[in-house]
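If you check Swiss-Prot, you get these features:
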type	residues	note
ACT_SITE	58	active site, nucleophile
ACT_SITE	61	active site, nucleophile
DISULFID	58-61	disulfide bond
DOMAIN	20-132	domain 'Thioredoxin'
SITE	59	site 'Contributes to redox potential value'
SITE	60	site 'Contributes to redox potential value'
């Protein structure tokens, strides 16, 4: 498992595209309004949200991104979001992000689980456990 400790300053060469963090059915969150919109949409549709607080400069974030995208395609009943902690630093701080990647599982906007670090088996295990806890009509 890997993780990066959160940092407040980023270097000028951090201006890489978001391509490595989002894709597939992963929604890139760039504003608080977009976050609110996606959480509303998920609540309306009865979906669990998996929010990945990530950073472009974080090696483990880059390593798990393709797997996260793959999960988004394999589990369409979940809503997958990615938030760049540098772009939305105040918002990320409100979630007390200490390391990246940090994954939050939310139902109706409330946290139901959390995972810190790029641990593929544990991420998959948590997704499976959450899906198994849902009534059959919500899966």
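Heads up, residue numbers simply count up from 1 along the chain you see.
Cβ coordinates come from backbone N, Cα and C, glycine included.
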| Residues of the domain 'Thioredoxin' (20-132) by DSSP state, where helix covers H, G and I | 50 helix, 33 strand, 30 coil
| Since the record lists 59, 60 as recorded sites, which of them has the fewest other Cβ atoms within 10 Å of its Cβ? | 59
| request: Using all protein chains in view, find how many other C-beta atoms are within 10 Å of the C-beta of residue 61 (active site, nucleophile). | output: 26
